[in-house]
Amino acid sequence: MQINDPTQTNPRPNPNPRPLRRQFHRLQAPLLHRNLRLRTFLFNTIIRGFSRSKTPNRSITLYTEMLKSGISPDHLTFPFLLKSCARLSSIQLGSLVHCHVAKLGLVPDRFVMNSLIHMYASCGEIVDARKVFDEILLRNSVSWNAMIDGYAKSGDLASARDMFDRMPERDVVSWSAMIDGYVKDGDYREALALFESMQDCPLSPKPNAITMVSVLCACAHLGALDKGRKMHQYLKDNGLMLSLPLITSLVDMYAKSGSIEEAIRVFRSFPAEKTDVLIWNAMIDGLATHGMSKEALLLFREMEAMAINPDEITYLGLLSACAHGGLVDDAWIFFRSLEYKGLTPHIEHYACMVDVLGRSGRVLEALEFVRKMPMEPNGSILGALLSACRTFGWVKSGEIIGRKLIELEPEHDGRYVGLSNVYAIARQWEEAKMMREVMERRGVKKAPGFSEVEVDGALHRFIAHDKSHVKFLEIYSALGVIRDQIKAETDVSSQEICFV
């Protein structure tokens, strides 16, 4: 009798392991009872199926049944169990499985040890992951990559980079994990610098789709349009298939980098029937950011016609579009649609709704909306209220909100500046000055503003009052010309200018 492992013959196994489990129970024949190795194989097959399914906890249940049946697990059982523990983020279950591994003497098995590293790192226990890593005598790239990924996800980029630099041989997974770590940490410049090193090193592997998604994300956050275009061309030149995640990243990059026309063109180039909610979200948010509110709402109707179910992120984009376009009635419809669609409004949705009302001058309605919220307002919501109070002259309410913001975020320089601006708008100069003095007494310093401009593919950062740039004399000369032109065309009392 021959039993084939379907996950070996099929490169994309069925994520639903229930049919396999039904077959397993039908095969509880005397032959299987006599052949323990065959039974272990069958248990492993079903456990693996559950570890990849939407119910990874069932692989743990099946493992318990396996032990109760007197069937001994082997070195292939535990990687699947540990994968389930990682997906469940259950350090308790993972630690129990680790104990079973030690009890059965499987600690020297590199495949099992790599799975332990991944499990501990996924559960945020990076110290335990490092202990397991140090116990491995013959490490392979999987061992190193698991640690790099674990350190990166825990936010310890210094340790991740140390691992990366000490790694004997780096594969595309190593480079991708390190680049993505910098992106997730917000160090987009370092992510692009590492990608350039990857390209410059003759022994480095070629970037794959996962690498390029992270690189495009870095370009998007930096607004590096020229570099983003070069990455797009790189994809074409190197024959990388423009998969849905890559297309979504390209749409997001072009939208965030200021070229909404190219974002639309890339979006429309992909077959609509193969799209998912992520790419529609990227396009809707891009249109909203560019002030194309009506176009964003029309695109949402198109999305609904394609029978693609919106998620919470979709509604954030729609509410943002309504804020930019002053579409208060539409915003209320979308906000109320969240619960109708079975979605939960998060604090970000409430913040967007406050922003919509505040920008439209409906300050009283915004205040009442916040009062009825089911959760305490955070800094984002109170900040939107303060901005509305400043814009429309609600000084008393602005003062109350501003002081509450300072209590909530006493180290945030923008909160003091925001309240100062409310006083300045009302010409209450003494109070505005007092807020500056309070800020100084508490040792809160205003972070210098900066802007970034891409020139010939290179990003240049300009910081307020900075003289470190090699061409700072030319820069200040140009700023002087601009300032003189503004003075010639405007007649604004310096006292009426808000603190920024």
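Heads up, the Cβ atoms here are built off N, Cα and C, so glycines get one too.
Annotated features in TrEMBL:
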REGION    1-21  region 'Disordered'
REPEAT    39-73  repeat 'PPR'
REPEAT    140-170  repeat 'PPR'
REPEAT    171-205  repeat 'PPR'
REPEAT    276-310  repeat 'PPR'
REPEAT    311-345  repeat 'PPR'
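In terms of DSSP helix, strand and coil, the repeat 'PPR' (171-205) has 26 helix, 0 strand, 9 coil. Residue counts for the repeat 'PPR' (311-345) under DSSP, helix first, then strand, then coil, are 27 helix, 0 strand, 8 coil.
Secondary structure counts, DSSP: the repeat 'PPR' (276-310) has 26 helix, 0 strand, 9 coil. Sequence-distant contacts of the repeat 'PPR' (311-345) (same chain, at least 6 residues past either end, Cβ-Cβ under 8 Å): 277, 280-281, 284-285, 287-289, 291-294, 296-297, 300, 303, 352-353, 355-357, 359-360, 362.
Counting residues per DSSP class in helix, strand and coil order gives 25 helix, 0 strand, 10 coil for the repeat 'PPR' (39-73). Long-range contacts of the repeat 'PPR' (276-310) within the same chain, counting only residues at least 6 positions beyond its ends with a Cβ under 8 Å from a Cβ of the stretch, are 244-245, 247-248, 251-252, 254-256, 260, 263-264, 267, 270, 316-318, 320-322, 324-325, 327, 330, 341, 343.
Remote same-chain partners of the repeat 'PPR' (171-205), defined as residues 6 or more beyond its termini with a Cβ less than 8 Å from a stretch Cβ, comprise 141, 144-145, 148-149, 151-153, 155, 157, 160-161, 164, 211, 214-215, 217-219, 221-222, 224, 227, 459. When DSSP labels each residue, the repeat 'PPR' (140-170) comes out as 23 helix, 0 strand, 8 coil, counted as helix, strand and coil in that order.
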